[in-house]
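Copying in the features that TrEMBL gives for the protein in this structure:
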type	residues	note
TRANSMEM	12-33	transmembrane segment
TRANSMEM	339-358	transmembrane segment
TRANSMEM	365-385	transmembrane segment
TRANSMEM	391-416	transmembrane segment
TRANSMEM	437-457	transmembrane segment
TRANSMEM	469-496	transmembrane segment
TRANSMEM	540-558	transmembrane segment
TRANSMEM	891-907	transmembrane segment
TRANSMEM	914-938	transmembrane segment
TRANSMEM	944-969	transmembrane segment
TRANSMEM	990-1009	transmembrane segment
TRANSMEM	1021-1047	transmembrane segment
Amino acid sequence: MTFTNFIKRPVLSTVVSVFFVLLGTIGLISLPIEQYPDIAPPTISVMANYQGADAQTVLNSVVTPLEESINGVENMTYIQSTATNAGLAMITVYFKQGSDPNMASVNVQNRVSQAQALLPAEVTRAGVTVSKRQNSNVVMYTLTTDDGRYDDEFLTNYNAINIIPLLKRINGVGDVQNPGMKTYSMRIWLKPEKMKQYGLVPSDISGALAEQNIEAAPGSFGEQSNTKYEYTMRYKGRLKTEKEYGDIIISANNNGQTLHLRDVADVKLGGLMYSVSMLNNEKPAVVGMVQQIAGSNATQIAKDVKAALAEAQKTMPPGMKVVIQQDVTDFLFASMEEVVFTLFLTLALVFLVVYVFLQDFRSTLIPMIAVPVALIGSFFFLWMFGFSINLLTLSALLLAIAIVVDDAIVVVEAVHAKLDLGYKSSLTAAIDAMNEISGAIISITLVMAAVFVPVSFMSGTSGTFYREFGVTMAVSIIISAVNALTLSPALCAIFLKPHNEEEKKKLSRIDRLHLAFNTQYEKINTKYKKSVEKIINNRLVTGVSVVLGIVALVITMATTKTGLVPDEDTGVLFATVSLEPGMSQTETRKVTEQIDKMFKSNPYIETRAQIIGFNFIAGQGSDQATFILKLKPFEERKYGLFDRIKAVFDGAGIAGLFIDPTSSNMILGMIYKQTSSIKGARILAFGPPMVPGFTMANGLSISMEDRTGGDLNKFFNITQDYLKALGERPEIGKAMTSYNPNYPQYMVDIDVAKAKQAGTSPSAILSVLQGYYGGMYSSNFNAYGKLYRVVIQGTVESRFSESGLNNVYVRTKGGMAPVGEFCTLKRVYGPSNIARFNLFTAINVNVQAADGYSSGDAIKAVEEVAAEKLPAGYTYEFSGLTRSEQESSNSTAIIFVLCLVFVYLILSAQYESYILPLAVILSIPFGLAGAFLFTMLFGHNNDIYMQISLIMLIGLLAKNAILIVEFALERRRTGMAIKYAAILGAGARLRPILMTSLAMVIGLLPLMFASGVGKNGNQTLGAAAVGGMFIGTLCQVFIVPSLFVIFEYLQEKFKPMSFEDEENKQVAKELKPFLGGPAESYEVEE
């Protein structure tokens, strides 16, 4: 079957297109929805707790053996760890993108098991947790009340018992974290004076618990006997209530006197840790952070989590409610609404442009039918390839609108050209037109699709971005080509009517407009061909122009700011607070109350959640806090044209037209301005990362490394000097670290000789200190269907100050002696947490780019200052999204080369020439330079959105050039001189080139000037595409004919042209209106 048969069988042609639409609809229903493709690397978290230990102890005894064992696990890329003064050890292992998270988790678990024997007994007893979860949150919620009737301890445990287990069962959820850790614990608050009175130390209490708070298996009576019944013996098991624990017998004598636990301690059901407290709008609350497994669908997880929370709300105690603080789908769906709206607006503008050129509704309808066929049909192939509907695939479909109409326009133009020649049958005109152009359509489609092939096989973060975009574009282009070869010519045969020039009729107003347009166009076309001839005659102009185009591309590419993805308003902001090192939680709360009042007055902030004692960047500490600020919904923060005009007249001046005070960036500025009066507090405000799964915070993530194994203070000073130098660079807005080695601490020094003389030991003394001050995990108990810890610790009053050491006692051979007799305390300073990166001591740094500078500019500044300021043995590494951006920073040049090579090779095969394709390739840099120029002029960055525009532009610009070259070659094969073949080929293709290019440019103007949610990415995409298409087309229509003449001449030097043996009346007819004189006077070149 040939393509002609589709014209003769319109039902078959229709069925092919309907088939695509039906399959695409199935794919559309089945496809998952996500913000971006799955680009975040799988991460495995390892957590352990060494209660009472300081950061250095945790590092030496827990982190180091675990790291040494885990390091080098299969597919690992890097490892980060943190040890804190709260006794926590946190290790995060990052794997190559695409690794199986389940296998990664198993491998890490196996390595952790190998290190268990090297860990302190108390750590192994508490357990080392391995979980597969990403480092950012899909949903953040709070449980709270409007009247404060429940405290945060009750809320924490309600969350842990009723909500977290429910959410963890949702498919794709990796973990649900609660930074408070006030889960229930049976607290044994030791009274030092009573303990001394009875000659007890904390280990005695722990021993009593170990003896009496146990589960046992006594066995049964009657097994393997002839008795009628068997009886299972059952022990009461672990104790459950405060009274039962108070009744534990510590000692008993022969006189029947017993000493109970209640006699030497207060027994209360309390919280495991008291280092963190939380509020929501000034009322007690608990925060839950839902994190996903790598490769899972965040949109579906968010949907399921919200549904589960809504269901749980029905059975909550009176007054308790759930507040969603962050939901990644809010930004996603609002952005998609904007893209879909822009898509329909683009479709309408493309229809208008095509109608202006074709001047006939039926002719315009034919290419417009190709749009839904190609776009909807693409969804089926996206589903087949395992992709998703995300912002990039939707952007690809948006860009594809102007491309997919092109093939159908070529068909309609070709059929109209035949009808202009006097064809009396639309069917015959369609058949003859398709015989001429089907090859061109196929070759153009191959070239366009080939542009997206190499980027689809790139690896890493950029490769994942490009893959879905590239496949989406390629599939839509191929479907549009199939439509152009089947349905479009069949519709032409049905819809188009023969042109009857003899028929006289009264011209309508629209007809007169069409006639005026055509008259002007013909004048422009004539002048255009004259201009092309002048350029062809002056080949130096062509050569200089090509060189200037390439130079312009290189310069604009080098000077355009770079980034990975643009920052957007996601509807959520974070603010971290760091106070003077060692500040108590009470003092920290006083400061956060001041800050909260300021945030409450901000008209654009809807809810304010506080976590006091925990910092998203610095980690846990009594002097740290974090605010989670949920902004008012996007629809309530719309700032339209009338608002901007009003701002101008209200005194904002002309700047009021360009400033949106409701945007998250402006709100960040307001936050800094409001909080600038807070003394002694370092406040960092930022939005969530644009690509989920990497880090909690936006900005550059950098780990400074000490590879000398030297002193921490020296390392800190070097880092401070580096940050000071970095902060002086104009590209850097903020450069700071939460690390501080100046936390007040006491170094405990034990007089070993004196202890030995008294009949005790350092280990006994330290055990007493741990029991009273650090807390001793000694047993477990069951309640509410869960297992909780029993913790021994001194009363709050006994732990107020260092003088309390004389009130706690250790057992010696002479009786009980104050611990202070054997210990001296020395006031020292040290860090609250110690970080490591790839097994080296590290200081984590957060860098924010200054206004007007991109993340790429900031990365370059980081590298340059490091090369100047860091001494030998000290270096840095990027982590998180910054690491991916830095690794993909050179991808733009690679993309250009790969795409151009593929286009060149396909054209070489098509033309059977390695020379002629250069006429196409050398015309492309003009458009690419235009894309970079517009990107710079409109203040955007060379990021992933711009780069997908560049990929599309390479194909579209190549297509324009191919159209001219193809038609010029056709005329050359008939024997026409190379020069005139080029001129007439360009003149013949000017109209469809202008039509498709203007359709592209005008159609994407709404994207270029987009507003609303996701506007930064849309504007970048639009500016690059419009600039590249506008400047590229403007240059190509003049340069390509001249390039064709040059390279066709060179080609024929090596391989002379074989002319077709046919009459050339059509050639003469084409030359006549351009050159003048009778057609018979033009001889065909032999």
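Along the chain as shown, the residues are counted starting at 1.
A Cβ is built for glycine as well, from the same backbone N, Cα and C atoms used for every other residue.
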Contact between the transmembrane segment (469-496) and the transmembrane segment (365-385) is defined here as three or more C-beta pairs under 8 Å separated by at least 6 residues; is that satisfied?
yes
For the transmembrane segment (12-33), which recorded stretch in the set 391-416, 437-457, 469-496, 540-558, 944-969 gives the largest number of Cβ pairs separated by under 8 Å?
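The listed stretch sharing the most Cβ pairs with the transmembrane segment (12-33) is 469-496.
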If you count Cβ pairs under 8 Å, which stretch among 339-358, 437-457, 891-907, 914-938 touches the transmembrane segment (391-416) the most?
339-358
What parts of the chain pack near the transmembrane segment (990-1009), using Cβ distances under 8 Å and only residues at least 6 beyond its ends?
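Residues 342, 345-347, 349-350, 352-354, 357-358, 398-399, 401-403, 405-406, 409-410, 413, 521, 525, 528, 938, 956, 960, 963-964, 1018-1019, 1021-1023, 1025-1026, 1029-1030, 1033, 1036-1037.
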Is the transmembrane segment (1021-1047) packed against any residues at least 6 beyond its ends, judged by a Cβ distance under 8 Å, and which are they?
395, 398-399, 528, 531-532, 535-536, 539, 541-542, 545-546, 549, 915-916, 918-920, 922-924, 926-935, 937-938, 940, 945-946, 948-950, 952-953, 956-957, 960-961, 964-965, 968, 978-979, 981-983, 985-986, 990, 993-994, 997, 1000-1001, 1004-1010
Find the member of 339-358, 914-938, 944-969 that has more C-beta pairs under 8 Å to the transmembrane segment (469-496) than any other listed stretch.
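Result: 944-969.
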